[in-house]
Amino acid sequence: MGFNELASGTERRWRIQSLMRRKQVDSDRAKAEGGGSQLAKELSILQLVAIGVGSTIGAGVYVLVGTVAREHSGPSLTISFLIAGIAAALSAFCYAELASRCPSAGSAYHYSYICVGEGVAWLIGWALILEYTIGGSAVARGISPNLALFFGGPDSLPAFLARVHIPGIDVVVDPCAALLVLIITGLLCLGIKESSSVQAFVTSLNVCVMLFVIIAGGYIGFRSGWVGYTVTSGFFPHGVNGMLAGSATVFFAYIGFDSVASTAEEVKSPQRDLPVGIALSLSICCLLYMMVSVVVVGLVPYFAINPDTPISSAFAEHGVHWAMYVVAAGAVLALCSTLLGSILPQPRILMAMARDGLLPSFFSDVNKRTQVPIKGTLVTGVTAAILAFFMDVSQLSGMVSVGTLLAFTIVAISILILRYVPPDEIPLPSSIHESIEPLSFPYMSEEKDVKLSKDLIGVNDNEKQSSGDGTSIDYPLIIKDNNQYKMNELKRRKFASWSIAFVCTGVFILTLSASTTCLPQYLVYSACIFGALLFLVGLFVLSWIEQDDGRHSFGHSGGFICPLVPFLPVCCILINSYLLVNLGADTWLRVSAWLLIGVFVYLFYGRSNSTLSNVIYVPVAHAHEIYRKS
């Protein structure tokens, strides 16, 4: 088979299957050809922890503990935070391995493009764009009411910052929110070192406020006898199911640590620092959440907690009214830190998608002086500022959760693919097509592949004799063993692929049917049983067969390795899928509209402009020889 014939056949094939084409893991050779990393490598472990903690601990903790304690958990709120933290840690383990193996900008988009395919990667990237835009706008809108408390009341901001209602179109504009977004955008344009230093400072102040709540509240609790834990309804007033429902609610308080992975290309030592940064930030958040919840539900009986201002009202019950200002300051600091963490990842995702040709190259430009994607940062900031100025996007906050949970799910699936069926072909760039064209390109032919195997074991071409079945007479056992190994490996990969598909399909059917209330019971039970069988069969096969040897050479080695595969990623897929299904029909209708827009953008721009639209895929084992010959 000649090179031209192979190229044309492959091109036709990938026109139909463009959704499944995968890019290569960033290698030293690829970075050298691309001129090296353009982003500044300035981040250390402490700065990563500041980004992770600052992005995760928002003002929700100052409100969420009251609502969940009253409606679900009661005094067991601490256990709810612990279970939710463990569930979030499952995703963190998966992120840690992929971040250390593939330390490039783009986070879940980048990982899914390497492991799953271009179509899924595009949808993940498109969903993350929506998540960070709406998340940043919603956070900015929440700063104004908290900031107004320092000026005397909810409506006491200076005139140029105060919200104004426009009666004709029934819109409430928020100049304070828009101004804060623009200030954060300008800070991000200065450089990653400067913005991360500011985030570290603001996050440190926020942590100090939470430590004040823990220490002062603990002192008051010991003096008052912890009245919240002496209620007659017990530790689980709504039962264990109530505590678990509280865990599902507070799980979203842990969303944000994935911002650490989005800065992978700017970390000094990604193989070491990224896993440590993710683990430390999540551990600190979980510990702070648990300690604050211990204090709040201990100071006041859960049924008497103010759902809007649980912490400040708990202190006020014991005569410490001035604590309201400390808590309000913590809420403002937390929101500012979360705002910075919401805007930071999006320009890097836009840059990664533009590098791959799926978005215009405008977003991939990196400023030579600040080494930051300034154009993408400005577009992100201005868009978020406009939304924050004109719209109250709090009713769209569920759409933020969709993007994060989709990313968590795909990252867990990527771990299964990496371990059992890692990509065994590499796309050759168009720049070396001409240099390879004169070659006969033997690597796709099984007959030539056997010849290469003979060469590798040291058999001289002049001494070879062939039998009728094509095997060597001089070394028949070696060749037959080699071919048998290849057949067994192909069979193992096929079993693994189907098993991963069974697990994902079974989880989808199981979670969807378990959450459906409009169908007859017999249909629900039948669907649950069918989904559970698919799920268990796939999980059993994955735990029985061996993992692929190619996982050892996938990406950068020497980093974190996710434990308990396949069980840990499968549990992560199950939990995140259940939360996704239960987000509500209204949320999914809004997200579906946004994803449908993304489908049209991909079909009319990204699909034809992708850097993989004109590549040839060759086996990994032959890539080095092809590069050497070219």
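Here the Cβ of each residue, glycine as well, is placed from N, Cα and C on the backbone.
Caution: TrEMBL annotation is automatic and unverified by curators.
Listed features, source TrEMBL:
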type: TRANSMEM; residues: 45-65; note: transmembrane segment
type: TRANSMEM; residues: 77-98; note: transmembrane segment
type: TRANSMEM; residues: 110-134; note: transmembrane segment
type: TRANSMEM; residues: 204-222; note: transmembrane segment
type: TRANSMEM; residues: 234-257; note: transmembrane segment
type: TRANSMEM; residues: 278-302; note: transmembrane segment
type: TRANSMEM; residues: 322-344; note: transmembrane segment
type: TRANSMEM; residues: 372-390; note: transmembrane segment
type: TRANSMEM; residues: 396-418; note: transmembrane segment
type: TRANSMEM; residues: 495-516; note: transmembrane segment
type: TRANSMEM; residues: 522-545; note: transmembrane segment
type: DOMAIN; residues: 560-610; note: domain 'Cationic amino acid transporter C-terminal'
type: TRANSMEM; residues: 587-605; note: transmembrane segment
Listed stretch, out of 77-98, 495-516, 522-545, 587-605, that has the most CB pairs under 8 angstroms to the transmembrane segment (396-418): 77-98
Tertiary contacts of the transmembrane segment (278-302), as residues 6+ beyond its ends and Cβ separation under 8 Å: 45, 48-49, 51-53, 56-57, 61, 65-66, 69-70, 73-75, 77-78, 80-82, 85, 88-89, 92, 95-96, 99, 207, 210, 213-214, 217-218, 220-221, 224, 226-229, 231, 237, 250, 253-254, 257, 260-261, 310-311, 313-315, 317-318
CB contact flag for the transmembrane segment (522-545) and the transmembrane segment (587-605), at least three pairs under 8 A: no
For the transmembrane segment (372-390), distant same-chain residues with Cβ under 8 A (at least six beyond the ends): 39-40, 132-134, 136-137, 140-141, 171, 173-175, 177-182, 184-186, 188-192, 342-343, 346-348, 350-351, 354, 362-366
Contact set, same chain, for the transmembrane segment (77-98): CB under 8 Å, 6 or more residues outside the stretch: 65, 68-69, 111, 243-244, 246-251, 253-254, 257-258, 261, 274-275, 278-279, 282, 285-286, 289-290, 293-294, 296-297, 302, 408, 411-412, 414-415, 418, 559-563, 568-569, 571-572, 575-576
Residue numbers, six or more beyond the limits of the transmembrane segment (322-344), whose CB comes under 8 Å of its CB atoms: 51, 54-59, 61-62, 132, 135-136, 139-140, 142-143, 146-147, 149-150, 180-181, 184-185, 187-188, 195, 198-199, 202-203, 205-206, 209-210, 212-213, 216, 256, 259, 262-263, 309, 311-312, 315-316, 377, 380-381, 384
Contact check, the transmembrane segment (45-65) vs the transmembrane segment (587-605), 3+ Cβ pairs under 8 Å, seq sep 6+: no
Other parts of the chain folded back onto the transmembrane segment (234-257), taken as Cβ under 8 Å at six or more residues beyond its ends: 52, 55-58, 60-61, 64, 67-69, 71-77, 79-81, 83-85, 87-88, 92, 95, 278, 281-282, 285-286, 289, 302, 338, 341, 400-401, 404, 579, 582
